[in-house]
Amino acid sequence: MSEEKAPAPARKVTLSRPCILIIVMAGVERFANKGVGSNLVTYLTGVVGMSTPAAAKSVVAWTGVSFMLPLVSAILADSYWDRYSTIAVSSLLYILGMAAITAWSVLRRRMPRPTLFLPLYLMAIGQGGYQPTLQAFGADQLGIGDNDDDDAEPAGLTAEEKGKVKSMFFQWWYFGLCSGSLLGNSTMSYVQDNFGWVLGFAIPTGVMALSVAAFFCCTPLYRQQTQQQQQHKGGASSKPSQSGIFKFVKSIIPSQKISLPSKDDNGDSISELELQEKPLKAERGGEAKESAQDEAATPSVARVILGLLPIWAILLIFAVIFQQPMTFFTKQGMLMDHTIGRAFVIPPAMLQSSITISIILLVPMYDRVIIPLFNAVTRGTGGITVLQRIGVGMVLSVVAMVVAALVESWRLRVANNAAADDAGRRLKIFWLLPQYVLLGVSDVFTVVGMQEFFYTKVPASMRTIGIGLYLSVFGVGGFLGAFLITALEMATARPGNSRGWFSDDPREAHLDNYYWFLALLCFVSFVLYTHLCKFYSGKNNASGK
């Protein structure tokens, strides 16, 4: 009789030093990005001299490009370069753009206004390659694969231990992003408003440069895989080839049908966010050895993307609302009394930190409070599905815009009944906190739900494309927001008030009407979303637990 083996004692899983370094770098990148972008609308209106709607459109367009470019970098990193090379090049472009912004702020009196956007978009190009690739590269440092028999995993971790270390990495990754955003929103806006814009741009630039220098110095510690190594490890079909990309582009034009070579699950699919879910269309079993059979078993790129397109389009209005704290919320705060006592002045952009604080506080409560409460109400045990999670966030975003509209209406009534220089009759800026906090709670539901939805509804070989699709919602949403501002500016223009709702005169502006309009659009989107969910409810909805 064979003796039963005693279960191995549970081992404590920890993150390696390279993983920790990558997480710190992600936080530094968010600090640098928010240090420049969170207060940019104030710089454009107060220093550069742009009108409020022009500055808002410039910021949302710049943000939109930043979110669209990861679609390009995903192909570059996975098909032409390795991830380390993509990080190296994009980080240098990132720093160059930030240094150019700092230099422009020094020489602004001698520089034409349009030249400011050259360094801004150079920074956007760097961010588009740096941010998504850094996350994938950080996951590479875990040294584990999707399958239990992954030969690249040297420590012999069990499937349960692999799941723990993956969850640990992405949990601390999210914490690093939130921490960096919080520091950037709070400290840099205060420095810019009180000590000058040159110093306010120079500090994020210097911190980002030190972070990238540390990344290069620690190169010997990283687990790096070239294209040839990945193909040798996962087979010839483990990574989309350059010819496959050309076939993809070519096939889209005439027929809208395209297939990419599949890759084994033990390839570098660990590089993307792992949420332990099945793809939109499961690959057929028993057909993973021959490349021709692999290609037949893999859904086409066009079919998968078209299947996700309705949800993608519905979420664009939420992406428009997502841009408001950086634009009109900040401008709204500039028109309110943002002083404490007689000496301390609160930069309006600092209130964006309340969104990040809401996220940091709510994420640990999600599993321990929200899910049990939801189960108690529904008398179930499955928690919140991904689609339900997104829907809850959309409802909260509608409530946030309603609150923002009510506060702005109140501000207008107070301002119209007070003298222009009577600060005591202006509303305190703290009345904006509810709308900021509501959007922060909304982000925990909708943004995290969007990540899970787009990451898990594509095959493992297309997870980078899933990342690009998720980010592109906010990119296209930024352009849609700029278009809405332009259209409403023209539609609401009146004699003597050519900018309508977005007038630079605070007594003529009606941001409250704009907020009501966004709330209505988001409500209509939510109604359409509930109908669309019927078509996705049976397609491997992940639990939001």
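Here the Cβ of each residue, glycine as well, is placed from N, Cα and C on the backbone.
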State the residue range annotated as transmembrane segment by TrEMBL; the candidates are 12-31, 172-191, 412-431. 172-191
Does the transmembrane segment (513-532) reach the transmembrane segment (436-455) with at least 3 CB pairs under 8 A, where each pair is 6 or more residues apart? no
Stretch contact, the transmembrane segment (172-191) with the transmembrane segment (197-222), Cβ-Cβ under 8 Å, 3+ pairs: yes
May I ask which of the stretches 87-107, 343-366, 436-455 has the most CB pairs under 8 A with the transmembrane segment (386-407)? 436-455
Short question: which residues 6 or more past the ends of the transmembrane segment (467-493) have a Cβ under 8 Å from it? 53, 56-57, 60-71, 74, 132, 135-136, 272-273, 305, 308, 312, 315-320, 322-323, 450-451, 453-455, 458, 499-502, 510, 513-514, 517
In the same chain, which residue numbers or ranges, 6 or more beyond the ends of the transmembrane segment (197-222), come under 8 angstroms Cβ to Cβ? 17-18, 21, 24-25, 28-29, 31-33, 35-36, 39, 43, 47, 84, 87-88, 91-92, 94-95, 98-99, 101-102, 105-106, 137, 140-141, 184, 188-189, 191
Counting CB pairs under 8 Å, which listed stretch among 87-107, 304-323, 436-455 touches the transmembrane segment (343-366) the most? 436-455
